[in-house]
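Reading through the structure tokens given below for one structure.
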Amino acid sequence: MANLKVKVGELSLRNPVMPASGCFAIEYSEALDFNNLGALVIKSVSPKSRAGNPTPRVAETPSGMLNSIGIPSKGLAYYRSKVLPPYTQFDTPVVVSISADTVDEFAQAVAEMSLPEVAVIEANISCPNLEADGMAFAMDPETTYKAVSAIRRSTNHPFWAKLTPNASHVAAVAKAAEEAGADAIVMGNTVLGMSIDVRTRKPKLGNVMGGLSGPAIKPIALRMVHQCYRSVRIPIIGCGGICTAEDVVEFMLAGASAVQVGTASFVDPGIMQKIIDGLTAYCEEMGVQSIHELTGQVKLDRQLSDRWLRFAQQSG
Ligand SMILES: Cc1cc2nc3c(=O)[nH]c(=O)nc-3n(C[C@H](O)[C@H](O)[C@H](O)COP(=O)(O)O)c2cc1C
């Protein structure tokens, strides 16, 4: 039997498969045994109570979906007492995802959520920085550095920085997150997109633009995981369009130590178990004894890829 165990920094996971924040809820326990997943990543919470974005909040697109949910929140106290506890009854590390509007709000929220029952804090720095121009923190290495270093000072918990693919210099952003003290990088969130109803001539999302997810973004996310892998030494968790065990293997070969599955779980709530079973089958078929050996093992012509990488780092 293949060994599916992986490590993300100090944290050991029974396998590399975990849900992506916002694409998973406690009700999924009816379709999945949570004790079989690598980790449980909960929907982002923001410290301020908010209603979320105007409706409609989702729209289907070829090979993906657009969403502009907007992180509706009832605040941290409600989250601590009502949302978090059901996830802590499983023998699987719990990852709390936090979104915030400012650097200070991030630091305070992370400090407050650094609870013994929480294994990891994931900071969703793909959300808008309201102190600046509303661009996501992770669109820029400098704002990434500021946010991540403030978060680092506020917690001793393992902490992952979730980056956005809507950044032109993703390798530089990843480097800034590493230098500021992130324990790992999650690459990444949704790709900004838009869709218009040609009969009403109105945008299909109430918020006009939203995040594209699903198979449509997989090549983009995979490319960015590889750029990050070539840029940092901390572990990378790949995310974007993963639907099959083969997709997971691709992300691991590109440099991911683990992965997150988002939109695919809306199509099939049991998909993560199928992916885990598929990984066992792949390892057995290919004679892979420990899946962690796959990380970064894509075969490249080094000279060519170095040249390409320099170009990619300059041009984004
Ligand atoms: C409906 C929906 C809600 C999401 N909510 C969050 C969220 O609260 N926090 C977050 O960091 N990412 C959120 N995401 C982004 C996903 O976690 C993931 O990064 C993205 O969807 C790409 O992965 P996928 O293609 O497998 O879905 C959300 C995505 C969708 C589709």
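Just so you know, the numbers here start at 1 and follow the chain as drawn.
Backbone N, Cα and C atoms are what each Cβ position is placed from, and that goes for glycine too.
Residues Lys43, Asn67, Ser68, Ile69, Gly70, Ile71, Asn189, Thr190 are recorded by TrEMBL as substrate binders, and the candidate that the same record lists for that site, out of Asn124, Asn129, is Asn124. Same-site candidate for FMN binding, as annotated by TrEMBL with Ser21, Lys43, Ser44, Asn124, Lys162, Gly240, Gly241, Gly262, Thr263, chosen from Gly181, Gly214, Gly278, Gly287: Gly214. In this model, the domain 'Dihydroorotate dehydrogenase catalytic' (4-281) carries an average pLDDT of 96. Here the binding-site residues are Lys43, Lys162, and the one with the most other Cβ atoms within 10 Å of its Cβ is Lys162. Closest to Lys162 (FMN binding site) in space, going by CA atoms and restricting to the recorded positions Ser68, Gly70, Asn124, Cys127, Thr190, is Asn124. Filtering Ser21, Ser44, Cys127, Lys162, Thr190, Gly240 by Cβ distance to ligand 1 (under 6 A) retains the following recorded positions: Ser21, Ser44, Lys162, Thr190, Gly240. On the backbone, the CA of Ser44 (FMN binding site) and the CA of Ser68 (substrate binding site) stand 14 Å apart. Spatial neighbours are here defined as Cα atoms within 10 angstroms of one another, and by that definition the neighbours of Lys43 (substrate binding site) among the recorded positions Ser21, Cys127, Gly240, Gly262 are Ser21.
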